[in-house]
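**Student:** Take this structure, written in structure tokens, and hold onto it; I'll ask about it next.
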Amino acid sequence: MTSFTTTEEDCPLLCFPSCTSTVFSFTFTLHCRPAFRRRREVKGFPAFSVTMLVALVLLLLPFGSLPTSSGAQVPNQGQIKDPPIATNGQPFPWNHMRLPKTISPLHYDLSIHPNLTTLDFTGTVRIELDVHEDTSSIVLHSKKLQIFSVLLLAPEGVRPLQVLEYPRSHQLALLSDSMLIKGSKYEVQLEFAANLSDSFHGFYKSSYRTSSGEVRFMASTQFEATFARGAFPCFDEPAFKANFTIRITRERRHIAISNMPKVKTIELPGGLLEDHFDTSVEMSTYLVAYIVSDFLSVSKTTQHGVKISVYAVPEKIDQTAYALDAAVKLLDFYDDYFDIPYPLPKQDLAAIPDFQSGAMENWGLTTYRESGLLFDPDKSSVSDKLGITKVIAHELAHQWFGNLVTMEWWNDLWLNEGFAKFMEFVSLDITYPELQVDDFFLGKCFEAMEVDSLSSSHPVSHPVENPVQIQEMFDDVSYDKGACILNMLRDFLTPEAFEIGIIKYLKRFSYKNTVNSHLWESLTNVCTSDYLDEGRIKHREFCSNRDLSSGASKWYSGDELDVKAIMDTWTLQEGFPLVTVEVRGREVRLSQERYLKTDDPSLTEGFLWQIPLTYMTSVSNTVHRFLLKTKTDVLYLPEEVDWVKFNVDMSGYYMVHYAGEGWNSIIRLLQNNHTALTSNDRASIVQNVFQLVSVGKVRLDTALELSLYLSKETEIMAVTQGFGELVPLYKLMEKRDMADLEKQMKDYIVDLFQGLIDRQEWTDSGSVSERVLRSYLLLFACVRNYAPCVTKATQLFHKWKESDGNISLPVDVTMAVFMIGARTPEGWDFLLEKYRSSGQMSVKSRMKAAMAFSPLQDKLKWMMEQSLYGEVIKTQDLPGVVVTVSSNPRGYRMAWEFLRANWHTLIKKFDLGSHSVSYMVTGVTNQYSTRDMLDEIRGFFGSLSEETGSEMRCIQQAYESVEDNIRWMDTNLPLLQAWLDKHKHRISHEDL
């Protein structure tokens, strides 16, 4: 699944210090350094577009120790504290959140009849069961379903079962008056009914408005992680894989699609039709999907014979061509790369008008936000194209990582999401080199570090028990950190050995469930005889020339490679290491500790990683490698050097502190010859030095002196990271009455990048990275009221408005143009008029972001209220609207009050633990830096009960972020003032 955030193009201004976005809408990932940031992913939500820009805008606006278990990290079975009592007052026979292992499903025969007039549905499910232990009860999941009839189909005949319900655990117990015998096969049949859900989960209703104003309804599913139980009774845990045969009853004016191809349609009395779908492969319940709608589709066939179809509402079917071509190319790529044929005859991609996440990997029927799938060559930006391609790559990677091989339990969600996120970049680097996806991977690691630097973070593999905890696992740690440690492991093992290992993993565990250790086993001794017998020629050649130990010998010697021992330190403990490097002559002293934003040093104790260090020096471009397995160690260089750079290209998931004269040597290098380092190295240096200010390792004036080199920077990753570190410094001041210092800081940033801004053309020319950077810079300049930018944007907006929106603006500059236009009531109203009538999702996203950043407070209030109502602005976009308003200097207080006033409605609509709720909580609070506001935030969230969210991790993250902001301001404001005064004096002196 792809989590929904903003697009990287839009992230720049709005959200810094780290922008994650997703083309699917305009939710921005607000990363405020030193404040806590937003995501997302959103699920994978990968994407980029208005989002990155919006991000920029938002930016600009005020705005344990290592576990010892080595097997499956199965969470505590979650024994219920009090003896469970069913709704009828009888004792419930099971007292754990997890289902018993006494019975497992083999096959579901599911019939569903949704009524799109009354907006409810009925159904019948017959489940074939395998009994592993003698038992008289069948315990399975059901949530808010009316159960009408339950029958047991046993070898000796058909008989009714007694039904007990325990809503707290979403469980049903079906009681038999005779024992079900181990080894015997039974079937149970249940009839049920429910309303189509008002949320975005389960079997839910969606709607859209045609150009003529007609509202049309449809029904769609979203079952990950624990919502299949709201659509039909089932064993709703990932390890209970089974086959599914689905039938859907519909009206003639609709179509139905599901995971498998339709095999026949039967006419029923009353003019209804019943579509029968082929039986699926074995899969988990969360991957089941079906849609009833009036969608149209376009189709092509891959080189391997798989039919690809893209579905959308009729008036948007002309925006599906790009997604169709991308899906064909990417499915063929994965088919070849994984050396495992895609197992289904078709793959559908459907754009859903109402969709909470970014996308979902249902096997054979992936679903998306419209903004994550639909592309208009004339109106969509290059960031939109990048985001859409990434999200398709993410969901199609899941057809192998997640669907074919599935984690045993949600504690290892990262085996699904980390791999899918990682494969986005691997696949696009090969299939779409023109998208320059490598320029954006580093941002994923920076985003993960934002969350992972707090004590409320969690290990990549982390015990979870209930649905709220499971939902919270869909975060930057599972997605982005997972991808970053996989990238580090690939660099460690070599890309060839890594590829062999993951193919072994997929082949060995096809249609099965796995835990962490299964992956590490497959990546150890990859050149075994069993693989060589069936491996590809290129892999056999690799293994004949070098085995894995020789491939890894560049890291160490003398020890047997133990992938599990290395990677357990990265997946079973939270956080990441800070490596301190001190050069004394030829001697390089190394030490490691946990990087943690806290004023309690004891929280950093007890952590130790096995770190694949890489480094280069002033005298050698060769990448040297060393596996640091101890708290301290010493390296010896062949000769003395002027500088050393560790974590080359930031291939490792760790920060580096250069002690002694180390930072001064790096600053001299950047000032005199910054291109001696790659752009990724420069970006990581900028990120590291400012993050080290937050933990007291580096003085702020040192970091600011380093930032001066950015006036010569032109590469997107280093430039955007510079913004990401500097903008949050003034954003913290915007909510404190510090107008003079705030203006000084803003002026410094504009002056720093003025040369690069002035060189930008108001066109759509250049490479992908150049175009994304242009959008970013012009948006920043306009929001910061840089006169040449404001003048040009104002002229373009007036020309566009005078043409009634008919002239074509350069796509790359529309965000900046709309942002300026939304500052006046007339301009804002015109944008709203065009927003209502536009059918291009990317254009609507840019308009929405601009309107939410307007200084017109009555308009901001209206937007939040309308997003909650869902008529003009879709409720799926509410989190993005609220967070954008919260970053607006004229709207942050309104956003906080809106969140509090509508809390109970919001958690009902978006569900506790969801990324949407987490995004709003952290996005609305992370720019505060006063003790009074911290008390107010604690007062509200502290008043909640567990049922209304008091235990959510995002609340603890919000507290920590504000506390970190307070510490930062208390420590660094005098230094910031002194440095800016000195810099201003220095510039004035140079001008003289």
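Placed from the backbone N, Cα and C atoms, the Cβ positions cover glycine too.
Because TrEMBL annotations are produced automatically, they should be read as predictions rather than curated entries.
Annotations per TrEMBL:
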| type | residues | note |
| --- | --- | --- |
| TRANSMEM | 45-66 | transmembrane segment |
| DOMAIN | 105-287 | domain 'Aminopeptidase N-like N-terminal' |
| DOMAIN | 322-528 | domain 'Peptidase M1 membrane alanine aminopeptidase' |
| BINDING | H394, H398, E417 | Zn(2+) binding site |
| ACT_SITE | E395 | active site, proton acceptor |
| SITE | Y479 | site 'Transition state stabilizer' |
| DOMAIN | 643-963 | domain 'ERAP1-like C-terminal' |
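Buried or exposed, and what's around them? Tell me for each listed feature.
**Tutor:** Model confidence over the domain 'Aminopeptidase N-like N-terminal' (105-287) stands at 96, taken as the mean pLDDT rounded to a whole number.
Cβ neighbour count for E417 (Zn(2+) binding site): 31 (other Cβ atoms within 10 Å of its Cβ, all protein chains included).
Taking the Cβ of E395 (active site, proton acceptor) as centre and 10 Å as the limit, one finds 32 other Cβ atoms among all the protein chains shown.
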**Student:** Cα of Y479 (site 'Transition state stabilizer') to Cα of E395 (active site, proton acceptor): how many Å, rounded?
**Tutor:** 13
**Student:** Taking the binding-site residues one at a time (H394, H398), which has its Cβ surrounded by the most other Cβ atoms within 10 Å?
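**Tutor:** The residue with the most neighbouring Cβ atoms within 10 Å is H394.
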**Student:** Roughly how many Å lie between the Cα atoms of E417 (Zn(2+) binding site) and E395 (active site, proton acceptor), rounded to a whole value?
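**Tutor:** The Cα atom of E417 (Zn(2+) binding site) is 10 Å away from the Cα atom of E395 (active site, proton acceptor).
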